[in-house]
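Annotated features in Swiss-Prot:
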type: DOMAIN; residues: 68-206; note: domain 'Flavodoxin-like'
type: BINDING; residues: 74-79, 121-124, 157-166; note: FMN binding site
type: DOMAIN; residues: 240-454; note: domain 'FAD-binding FR-type'
type: BINDING; residues: T328, Q362, 392-395, 410-412, Y416, 425-428, Y606; note: FAD binding site
type: BINDING; residues: S525, R526, K531, V532, Y533, V534, Q535, D568; note: NADP(+) binding site
Amino acid sequence: MTNEASLTPIPLPAEKLAQLQTVTNGLSTAQIAWISGYLWGRSSGADTTNQSLPTSPATEQPVEPTVITILSASQTGNARRIAEELRDDLLAAHLKVNLINTGDYKFKQIDREKIILMVTSTQGEGEPPEEAVAFYKFLFSKKAPKLTHTAFAVFGLGDITYEHFAQAGNDFDRRFEELGGERLLPRVDADVDYEEAAEAWRKEVTELLEKRVPSANSAQIAATAISPVDEVSSTPYDKESPLTATLSVNQKITGRHSDKDVRHIEIDLGDSGLHYKPGDALGVWYENDPALIRECLDLLGLSGEESIKVNDKILPLAQALQQSFELTVNNTRLVESYATLTQNKALEKIISDKAALQDYAQNTPIVDMIRQAGGKLTAEQFVSLLRPLTPRLYSIASSQAEVENEVHLTVGVVRYEIDGHKRAGGASSFLADRLAENGNLRVFVEHNDNFRLPDNPDAPVIMIGPGTGVAPFRAFMQQRDNDGAKGKNWLFFGNPHFIEDFLYQVEWQAYVKQGLLTHIDLAWSRDQAKKVYVQDKLREKAAEIWKWIKEDGAYLYVCGDATHMAKDVDKALIDIIRQEGGMDEEAADEFLTELRLERRYQRDVY
């Protein structure tokens with residue numbers, strides 16, 4: 001800017017300038033960029049209502065800037081948050097960006113992309129998140145085009161406690177390269193404490209693209225600043241700033257002789273204004289069991305009074321372990337590090353065998369590893385092994401149309417024994433055992449736009465949810481009841497025993513009597529010699545299920561275990577489509593994929 005320009009008076013009276021500052025306070029980089037383009041378009045006489053580009057003077061022949069496509073493939077919202085932050089970074093660098101959920105992406109046109117930046121999580125046994133399944137299948141099919149004119153970079157999220165850590169990111173990265181794409185940067189695989197890695201990757205990507213891609217003007221940025229991606233949340237409460245709520249009900253809903261301990265949890269949100277929809281999850285921040293902490297400290301020869309630094313704060317070790325570190329779930333890196341620090345021969349043998357290491361980490365809690373292997377560590381050494389505490393997510397089991405300022409959960413309490421020592425899950429035992437009624441807990445809503453009731457209240461729905469997977473379908477039924485929805489509803493539920501494990505039995509029976517629940521099919525796996533599961537019940541009703549899908553336009557929903565149940569249900573549905581629709585295996589699989597793309601087959605599996 002020249003000196004003369006810098007001395008030019010601001011062409012706004014103080015009152016108008018104050019109004020402008022008021023309007024723009026608190027806006028994101030993306031929103032400010034859009035407003036900038038909108039106003040520039042107004043000044044040029046362009047039609048800004050459709051975010052069209054202002055007409056350039058005839059003497060100017062600007063080069064059309066490259067559009068950078070960011071694909072967000074998120075399961076719990078973390079990948080989407082990173083993608084949104086990356087979008088804002090690139091917009092601030094005056095680059096043209098299109099951020100889109102992978103589930104909304106027209107992937108058959110992928111070969112037209114110049115730059116793809118993908119942020120993806122991983123679910124189940126190394127599988128892509130639900131919204132990216134159709135895209136994943138397309139990329140790995142014979143239909144996938146060459147990407148010889150496309151550059152890419154991938155940021156993969158995962159959890160090191162699982163064998164196939166960040167596998168989806170690995171797969172996408174490898175496939176982009178196999179199709180001829182140019183890798184801009186090495187793939188990043190990030191664990192649950194991903195924040196620093198994500199920030200570094202975003203910075204590296206932005207700096208690289210600033211040099212590689214011509215910048216766009218404000219109006220061109222505005223044309224892509226508003227893009228078809230669901231923002232994570234507009235609530236003041238989130239993972240980093242949770243709501244302090246109150247536990248109002250903790251009721252066991254399995255029988256006294258059941259092998260399962262399932263709790264119906266009700267949480268009072270007060271007048272917080274926190275809103276959720278059926279299909280969303282509730283994030284619960286928990287604290288570790290003081291007895292577990294004491295056991296770890298005693299085994300390591302520590303008092304708990306030692307001072308350690310956590311996020312720039314100095315805390316007593318025992319307090320830090322209770323509030324800030326994961327103590328219940330082991331992982332392979334921790335086992336390897338503990339073996340190195342203690343030089344324990346048995347652990348050293350285990351870590352030399354990848355399969356043995358994975359099995360040991362998955363089946364041996366941290367405290368039992370310490371007990372079995374022995375060894376003394378300093379406070380700093382111990383916490384250096386541990387991952388930060390992360391919230392647990394639970395499918396919400398209520399509709400606010402029914403329960404208003406409450407949120408309900410269906411929590412399966414994890415309990416087991418190791419060498420005669422009783423162990424329990426960190427979050428589930430916190431809710432079931434350690435949090436008193438009327439006690440406070442920190443919560444937030446994790447929105448899941450990939451698990452929603454159909455917009456049309458007359459559309460039929462088929463709900464498949466064994467065990468605690470039935471939770472969101474309780475919310476679905478409450479919502480449809482309050483909406484006066486006329487669509488048919490069909491529930492498939494399963495558990496070991498009818499007498500002990502029929503969760504919410506009275507409610508389902510009332511919905512049947514009312515006529516809201518058209519059908520309910522029940523699978524009790526241990527009430528007879530031959531085990532019966534929900535997938536068996538699906539096959540028994542193949543003809544009617546096919547009629548609901550093909551003729552009535554039914555929506556299918558699956559919730560629960562990703563490792564076994566969800567795959568078995570997938571296989572059963574493909575068998576039904578193949579058998580009743582007269583298709584071969586490949587055509588049936590494609591039919592199910594089309595249902596996904598139409599949002600008529602949705603899964604919430606974990």
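Including glycine, each Cβ sits where the backbone N, Cα and C put it.
All features noted in Swiss-Prot, drawn onto the structure.
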residue: G77; record: FMN binding site; CB count, 10 Å: 24
residue: Y162; record: FMN binding site; CB count, 10 Å: 19
residue: T410; record: FAD binding site; CB count, 10 Å: 25
residue: A427; record: FAD binding site; CB count, 10 Å: 25
residue: R526; record: NADP(+) binding site; CB count, 10 Å: 14
residue: K531; record: NADP(+) binding site; CB count, 10 Å: 12
residue: Y533; record: NADP(+) binding site; CB count, 10 Å: 18
residue: V534; record: NADP(+) binding site; CB count, 10 Å: 26
residue: Q535; record: NADP(+) binding site; CB count, 10 Å: 24
residue: Y606; record: FAD binding site; CB count, 10 Å: 19
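The binding residues for NADP(+) are recorded as S525, R526, K531, V532, Y533, V534, Q535, D568; their greatest pairwise CA distance is 18 Å. For the domain 'FAD-binding FR-type' (240-454), the predicted model reports an average pLDDT of 97. Reduced to three states, the DSSP call for Q535 (NADP(+) binding site) is helix. For D568 (NADP(+) binding site), the nearest neighbour among the listed binding-site residues (G124, Y162, G425), judged by C-alpha distance, is G124. The distance from the Cα of G425 (FAD binding site) to the Cα of Y162 (FMN binding site) comes to 16 Å. Spacing of Y394 (FAD binding site) relative to G124 (FMN binding site) is 16 Å (Cα to Cα, whole number). When the binding-site residues F165, Y394 are compared by the number of other CB atoms within 10 angstroms of each CB, F165 has the fewest.
Here the candidates are the binding-site residues S74, T410, G412, A427, and by Cα distance the one nearest S525 (NADP(+) binding site) turns out to be G412. Between the CA atoms of F165 (FMN binding site) and Y606 (FAD binding site) there is a gap of 14 Å.
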